[in-house]
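What Swiss-Prot annotates here:
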type	residues	note
BINDING	Asp79, Tyr111, Tyr209, His270	Fe(3+) 1 binding site
BINDING	Thr136, Arg140, Ala142, Gly143	hydrogencarbonate 1 binding site
BINDING	Thr476, Arg480, Ala482, Gly483	hydrogencarbonate 2 binding site
DOMAIN	23-349	domain 'Transferrin-like 1'
DOMAIN	363-691	domain 'Transferrin-like 2'
CARBOHYD	Asn515	N-linked glycosylation site
MOD_RES	Arg40	dimethylated arginine
MOD_RES	Ser391	phosphoserine
MOD_RES	Ser693	phosphoserine
SIGNAL	1-19	signal peptide
Amino acid sequence: MRLAIRALLACAVLGLCLAEQTVRWCTVSNHEVSKCASFRDSMKSIVPAPPLVACVKRTSYLECIKAIADNEADAVTLDAGLVFEAGLSPYNLKPVVAEFYGSKTEPQTHYYAVAVVKKNSNFQLNQLQGKKSCHTGLGRSAGWNIPIGLLYWQLPEPRESLQKAVSNFFAGSCVPCADRTAVPNLCQLCVGKGTDKCACSNHEPYFGYSGAFKCLADGAGDVAFVKHSTVLENLPQEADRDEYQLLCRDNTRKSVDEYKDCYLASIPSHAVVARSVDGKEDLIWGLLNQAQEHFGTEKSKDFHLFSSPHGKDLLFKDSALGFLRIPPAMDTWLYLGYEYVTAIRNLREDIRPEVPKDECKKVKWCAIGHHEKVKCDEWSVNSGGNIECESAQSTEDCIAKIVKGEADAMSLDGGFIYIAGKCGLVPVLAENYETRSGSACVDTPEEGYHAVAVVKSSSDPDLTWNSLKGKKSCHTGVDRTAGWNIPMGLLYSEIKHCEFDKFFREGCAPGYRRNSTLCNLCIGSASGPGRECEPNNHERYYGYTGAFRCLVEKGDVAFVKHQTVEQNTDGRNPDDWAKDLKSENFKLLCPDGTRKSVTEFKSCYLARAPNHAVVSRKEKAACVCQELHNQQASYGKNGSHCPDKFCLFQSATKDLLFRDDTQCLANLQPTTTYKTYLGEKYLTAVANLRQCSTSRLLEACTFHRV
């Protein structure tokens, strides 16, 4: 009896273990069930141990999404539109593995939707009303969903019938698959014969990517909505392509070869989705990675992962070449991209915003942590609601919110401007620290500040830049300019490895791994334990003043800006730890191995650093710029209501929302990118340090790299 019970228990445990090691793949047809069974059996033949495959059948992709959310299945491959659906509540699924196309040496996980026009025409994207349009087909991504979603707020009222609204917007169109009886204007330009006119197939000559481009080339239409490769595929000669241009979202034009800087939206590839919590994403990746190694393109004669005798695009697209794992920090909205999500939201009545996203009524500022949120809320009240506040626990979380449209702007140090730029954000206004007079300050951004290494004058004279190994270090924060990117970039070029926690004996580098020696010196929040080494003001050693305090109380060297010592000594900081400090009690370490007075920073610094700058999404930049100029007129250094009501550039603690020594926010050229703002030298330094990067957001933002 006991043996029987033990056997039953063993079987139960084994069953649970196998269930935990099995990926339940959701299928939507009998043909998919057949391929899934072949997939399951083929995996067993080469990998008898887990991960295993089990097949679950549902009647539609939406039913598969529900099954995964309810833990009745684990995975299914979806197109971008369904990835969007799966990411919504109550499903909350996330993409975990992407199909890639193109080539294995240059894998492509997305394509660009573009608007193509003839070069000799003279209108912009905001002047399409009354023009003639060519579309790949009704409901298709590049040819309909993206352009119509982005143009939605320009469409004439009423918009309840989207097809009728579009037919009233354009003078004439060819939209294959449209109802030519109900909305004849959408089929007016089509050239199919008889019942093939406006057909949802190649029987309509203007159907699909090449068809929509032919509609433009023939002179039937004024604009064609296609994908970025369409012109190249149809016009391989550069001279012929030169007759066409792209319409950009900022109402300019570029050549058809400049599609990466002039597109309507990036449309990501099909992706495997899973639950956001307990979603088996490691197991799913392990399964698919092994599957592509054994059954990928030209790998096996018996089972083919990316084709099937049972039909087309079963389980995966036949055109896929393989899989790439999606970074953990990449949720549905980062995977799909802001432009794509905006377009799809506009087409969905149930989730459409009440006002167009580009309407400049309010700016939503992103605050990091509790102290910044308190200041932001005070700013919001004084602004009369023109400023709203969103908050997150780290700078990277705030950047992600801006990328996804959940916030609009924040001010960043150069290291985070680099990450924000890689995520598609642009610098809008620069903080100025030296220039004090009104218009001269606003119209002239400064060249930057100096990143320095500070030590105590009383420290061993042998403590120099060349003898930092084994010392205790204090940093403003990981990925910040003066406190991390510049000094660690210089160190990396000397030591040729990324193990900074072994180079320094211990330190405080907010944002580093919590169990590392580079978090040993951190002291966390005054309100209680548990916030040590957080990259926000809950960590009292965070930021310039925090890193300097770390030096005063615990460290051997602090990496800060050149103004930090001056701002916290000689009575300028009344806090208990700083009130008795003298500037002459500190020295700078020079890269040549000498030490100098803190006043000699111009001849003893590690590198020039770009000033902090406000960043936003490109389409929101003009609005952010306009509103912040209004705000600093009231609450800036010489604002009409500072200090009696509120001051933008003052903080209860240090450097909240902006640096406290900011004199004004200065205009930048509208064409400024993160690259031009940061400068070539700084970009090179940061790029060299990227192989040491711990930034999960940077990994996510550079996933769609082609």
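Every residue gets a Cβ built from N, Cα and C, even glycine.
Remember, it's a predicted structure, so these values are computed and weren't measured experimentally.
Feature annotations (Swiss-Prot) mapped to structure.
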| residue | record | contacts (Cβ under 8 Å, 6+ apart) |
| --- | --- | --- |
| Asp79 | Fe(3+) 1 binding site | His270 |
| Tyr111 | Fe(3+) 1 binding site | Ala142, Lys227, His228, Ser229, Ser266, Ile267 |
| Thr136 | hydrogencarbonate 1 binding site | Ala142, Gly143, Trp144, Pro176, Phe207, Gly208, Tyr209, Gly211, Ala212, Phe225, Val226 |
| Thr476 | hydrogencarbonate 2 binding site | Asp413, Ala482, Gly483, Trp484, Pro510, Tyr542, Gly543, Tyr544, Gly546, Ala547, Phe559, Val560 |
| Arg480 | hydrogencarbonate 2 binding site | Asp413, Gly415, Phe416 |
| Asn515 | N-linked glycosylation site | none |
| Ser693 | phosphoserine | Asp479, Glu699 |
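Reduced to three states, the DSSP call for Ser391 (phosphoserine) is strand. Of the chain residues outside the hydrogencarbonate 1 site list Thr136, Arg140, Ala142, Gly143, Ala113, His135, Gly137, Ser141, Trp144, Asn145, Ile146, Gly208, Tyr209, Ala212, Phe225, Val226, Lys227 have their Cβ within 8 Å of the site's Cβ mean position. Looking at the domain 'Transferrin-like 2' (363-691) alone, the prediction's average pLDDT is 95. When the alpha carbons of Arg40 (dimethylated arginine) and Arg140 (hydrogencarbonate 1 binding site) are compared, the span between them is 33 angstrom. Close to Arg140 (hydrogencarbonate 1 binding site) in the fold, though at least 6 residues off in sequence, lies no residue with a CB less than 8 Å from its CB. By neighbour count, meaning other C-beta atoms within 10 Å, the densest spot among the binding-site residues Ala142, Ala482 is Ala482. Tyr111 (Fe(3+) 1 binding site) falls within a strand when secondary structure is assigned with DSSP. In this structure, the recorded positions under consideration are Arg40, His270, and the one with the smallest number of other Cβ atoms within 10 Å of its Cβ is Arg40.
A simple way to gauge crowding: the CB of Gly143 (hydrogencarbonate 1 binding site) has 29 other CB atoms within 10 angstroms, across all the protein chains here. In sequence order, Asp413, Gly415, Ala451, His475, Gly477, Thr481, Trp484, Asn485, Gly543, Tyr544, Ala547, Phe559, Val560, Lys561 are the same-chain residues whose CB sits within 8 A of the CB centroid of Thr476, Arg480, Ala482, Gly483, the residues recorded for hydrogencarbonate 2 being left out. Counting only residues at least six positions away in the same chain, the Cβ atoms of Cys366, Ala367, Ile368, Gly369, Glu372, Lys373, Cys376, Cys398 sit under 8 Å from the Cβ of Ser391 (phosphoserine).
For the recorded site, Arg40 (dimethylated arginine), the DSSP three-state label reads helix. For the binding-site residues given as Tyr209, Gly483, the lowest number of other CB atoms within 10 Å of the residue's CB is seen at Tyr209.
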